[in-house]
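Here's the structure we're looking at; comments come further down.
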Amino acid sequence: MATGKNGETAINMPETKASVKGTAPLLNSSKAVSTVEHPNRGVKKGFAIGDFVLRLCALGAALGATVAMGNADQVLPFFTQFLQFEAQYDDFDTFRFFVMAMGMVSGYLFISLPFSIIGIIRPFATKPRLFL
């Protein structure tokens, strides 16, 4: 590049052959058709695998809490051995709400597992991510 006195810049370009001018590379060449591997595909796939594992752990914990609370039958001594109190999950509204809420959480986690698997297979799919 050469700069003149009045601030103009000249770019020197080499001459091209007349036989090469006007020809473009073929679109069917192996370089043009090859798929482009995204550089952060592995990172997104790793996050999707972590998401799936966390959903499995949460599903196990929610199902365990639901089953444990639903099957709970306890007999508690109240002041003396002859006066006892039997507690079940349906005695109080709070316990009933807990069992229903944990059942709904378990259902959501179970339904969301296939969408999490889709996130592992196709890390750049956005619609399954929006559902989760």
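Positions of Cβ are set from backbone N, Cα and C atoms, glycine also.
Broken down with DSSP, the domain 'Casparian strip membrane protein' (45-129) shows 58 helix, 15 strand, 12 coil. Residues or ranges marked as domain 'Casparian strip membrane protein' by TrEMBL: 45-129.
Summarising the annotation, TrEMBL assigns transmembrane segment to 52-72 (among others).
What TrEMBL records for 97-121 (among others) is transmembrane segment.
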Contacting positions for the transmembrane segment (97-121) when only residues 6+ beyond its ends and CB under 8 Å are counted: 45, 48-49, 51-52, 55-56, 58-59, 62-63, 65-66, 69-70, 89, 128-129, 131-132
